[in-house]
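Inspection log for the structure reproduced underneath, given as structure tokens.
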Amino acid sequence: MSQKHTYASLAKDIANHSSDFAQTLSLGNLLDRHGLLALSEMSDATLKTYRHLKSTLGLATLKTMLHGTDVETLLAMQGTLTKNGVRYRHLIEILQDAKEMGFVPSREACSKISLSFMTLGDYAGQLAWDTTVQQIHPGFTPIVPEDSQPESHQRRPYQQHHHNHNNHNNHNNHYNSEQQKQHNDQHQYQHQSQSSQHLKPNNNNNNHINNNNGNNHRKQHNKHHNQGAQNHPRNGDPSEAISRACRVGYAAVALEEISKMVNKGLLPSPQSIAETIQVCAKREKERTTNYQELYDLAMRSVDMIKDLTQRRAAEYEVYNAMLVANATLGDMPAAKKNYDDIVELGQFPDATGYATLLIATTTGAIDEAHDALKILEEVKRHKIKPNIFFYNVVIGKLSRGRKIERVLEVYEDMIASKIRPNAITYGTLISACTRVGSEEMARSLFEEMTSSSNYHPRQGPHNAMIQFYVRQKKDREAALRYYQDMLDRKLSPTEHTYTLLVEAFACIEPYNMTEAKHLVQSLKRGPIRACEAHYGVLIYSYGVIHHDVAAAEVMFNNMHKAEIVPKGPAYQALIEGFITANNVNRAVELRNELLASGQPSSAYIENTLIRGFGQAKNIIAAEDIFSAMTDPHAVKAPGAIVKEPSTYHSMVTAYLEIGMLDKAYTTLTMMRDQHYPELVIKPVEEEINVA
């Protein structure tokens, strides 16, 4: 055992046997200063003691036992725990207690917590935390450390691996001279100096950018493949403060630093503005930023660069940033324009640019898998170095298309490229394996993930394994083992975890509806509240599994009484119950009630009605529903419901109900024309063959 672990273990023993709460907090403060708090594993017990004292003695009495720094220690302790969606609630609870007791944690301590949310990728939690801190420290914005490190590949989307790295230092020297020139040209930017508000969120929601302004004169016909250096500002350059804020994801801080420079008559570097564009696009709060103004400012800064090669490198950074931003915001025509701008420079988007385009492409699982393979080939052909974000997106798209062989090939390629998988990678891989029923491979990947040196527990992979054993293997005991492992790793269950647990008791023999209902009832008191999905499982179990549609309707009404407004899943479950009860007319009424409430139907609801009409021998009604749905490759009208593989399967089943074998084969041919994987088509073909 290392010396650090020895000290941490000793501190934990002292804390566990101490009846002096103030002494325990002092010890925690000492450990935190030396970076040993997490190792000590004393945070959980100390925080339980804190909450017990608060509930029994009250805050007024507890205040007499604490010092101002003790609150910061409690925050630091809470920061080592509950790394998930409820983490911010526990931290805000301590912050609000501190406010009531008259203690004010320092800005530095609050910034440290804010930065920890960014490290975890919990942007919603960061926003909630920062907003609460502003009640104590008006105008609070996080302090970005001078020595902040760049984020991982997936959080540095502006990184581009060029073939020519020789100009980097030259460009830095050049840019410093350009900064001096900007001091002398303040009058050129006087209109920006008058107000920094132009760069703040634009209340008119003018998010989407038309990048035609002055582009043509910047385009060169002498193409060079992905050449040029990045325009990284050096220490001492005012733009470094912008880049530092972007590296830790503080979009608001980056915008503020840009405004400060503009107010002084200075232009930030193109690279720092490009970083800001991408960080803003990733943050919901900053998505109303005026990207057009940021783009114009960046191109004005580009114009200050005299060297043609360096200017082209800067243009590339800005175009690539705008591509990522527009694709993230869903403005695909603008993103395509950005792509064309990059190609006209003789270059190509970076790995994150391609990955963002893939994410924005939602043409159906099969088409998206084909798109992923095409983009993967393009990235390799142009020798663009993939990053972990790119690999995760490609693996995810291939997984949705059930192309398991290609998923594993891409994973092997990723390992060969010396890119270490993260929790998202493993979660996606495990989901891919469970989609095709590969239990042994899923378990092997899970064990590989949990034993890796850089493993950070996340709920996704655990949920994937629980879902596999609940929905495919129907093994409640195995599902509960992975649930217990989740708890052992101090991971709080998510809303989806609880949905799966309710399914484990309500949908796997021997059924235990008492336990399933108890689980849903317990969610009325916890951080995760009961929702439509949880009630939907109970409705499905009563209506479909137990053939008790009356009990299913009671549960549906109970959901309404709990003030949960159904938006689709609960309706689907109840509709399936009525189809099971051979009451297709009531099922149609429910579908129409859903539409009347302003919510859309879904492919799965329509599929259920197709099967219901097939059972009722009303094949014309079934065909009408099938025909009204849109083929995956057809042009999609607003509100159209796109056929899924299960839609074709449902229509085949309806035809087989009345012995129309030829029509069933015709539908199978239509399904094959959509290029679905053989794994998807085979069960439908087998059903026809045994008919």
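Heads up, the Cβ atoms here are built off N, Cα and C, so glycines get one too.
Listed in TrEMBL:
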COMPBIAS  155-168  compositional bias 'Basic residues'
COMPBIAS  169-179  compositional bias 'Low complexity'
COMPBIAS  189-215  compositional bias 'Low complexity'
COMPBIAS  216-226  compositional bias 'Basic residues'
DOMAIN    368-504  domain 'PROP1-like PPR'
REGION    138-240  region 'Disordered'
REPEAT    387-421  repeat 'PPR'
REPEAT    422-452  repeat 'PPR'
Secondary structure content, the repeat 'PPR' (387-421) (per DSSP, counts of residues):
26 helix, 0 strand, 9 coil
So what's near the repeat 'PPR' (422-452) in sequence-distant terms, Cβ-Cβ under 8 Å and 6+ beyond its ends?
152, 388, 391-392, 395-396, 398-399, 402, 404, 407, 411, 414, 458, 460-461, 464-465, 467-468, 472-473, 679
Tell me, what is the mean pLDDT of the repeat 'PPR' (387-421)?
87
